[in-house]
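Report on the following structure.
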Amino acid sequence: MIELKMIDPILKGLILNSYRRFFIVLAIVPIVSLSFAYYVEYILGVVPCTLCTYQRWPYYVLFFLSILGISFSRLSNILHKIIILNFAISALISGYHYGIEKEIFSEPKTCKVNTIMSKNLSVKERIKLLETIPVVKSCKAAPFKIMDMSMAVMNFLWSMLLLLFCCVVNLYYCKYAKANICSRSSC
């Protein structure tokens with residue numbers, strides 16, 4: 001088990017000197033994560049499925065919460081707890097997506113295209129109908145992998161790592177921070 005003594009200097013520099021630094025670090029996380037996702041989508045041309053786009057929402061929320069934490073230090077304790085919940089939600093979404101990839105869970109309806117074409121339609125009407133149907137990629141497919149890990153797995157591991165990091169920081173902050181910044185009852 002990792003003792004707090006090993007990471008003591010890092011956490012002291014990150015938190016006790018200024019809790020704002022913690023939120024600055026957290027504001028960088030969604031910028032990097034979303035930049036990678038958009039790079040894979042727009043530069044490499046990998047079309048995301050519906051769950052892939054859902055996995056991005058916790059990062060938008062994280063960026064907003066981080067900006068609030070940087071701007072309003074009085075809200076830092078409650079924001080920290082919301083951020084921990086946000087990472088847990090992110091891990092749940094990506095874990096669910098991975099379960100669909102491995103066929104543990106069935107695909108939701110949002111990942112499937114239901115197109116019922118009437119036999120009475122002409123060829124032109126069928127083509128027009130096909131042009132109006134949005135491109136929906138199956139959530140079972142994992143077209144982009146790094147070291148045999150899909151982006152859902154990478155997001156799950158990344159979310160769990162950040163969740164653990166935020167929990168350790170919160171425990172450390174509540175244990176060692178000054179009483180006027182973080183009271184024991186609120187931690």
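Quick reminder: no glycine exception, Cβ is built from N, Cα and C everywhere.
Over in TrEMBL, the protein carries these features:
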TRANSMEM  21-45  transmembrane segment
TRANSMEM  57-75  transmembrane segment
TRANSMEM  82-100  transmembrane segment
TRANSMEM  156-174  transmembrane segment
Legend entry - Same-chain residues at least 6 beyond the ends of the transmembrane segment (82-100) whose Cβ lies under 8 Å from its Cβ atoms: 26, 51-52, 54-55, 58-59, 61-62, 65-66, 69, 106-108, 111, 139-140, 150, 152-153, 155-156, 159-160, 162-163, 166-167, 170
Inset, instruction - For the transmembrane segment (57-75), could you work out the same-chain residues 6 or more beyond its ends whose Cβ comes under 8 Å from its Cβ atoms? - result: 19-20, 22-24, 26-27, 29-31, 33-34, 82-83, 86-87, 89-90, 93, 159
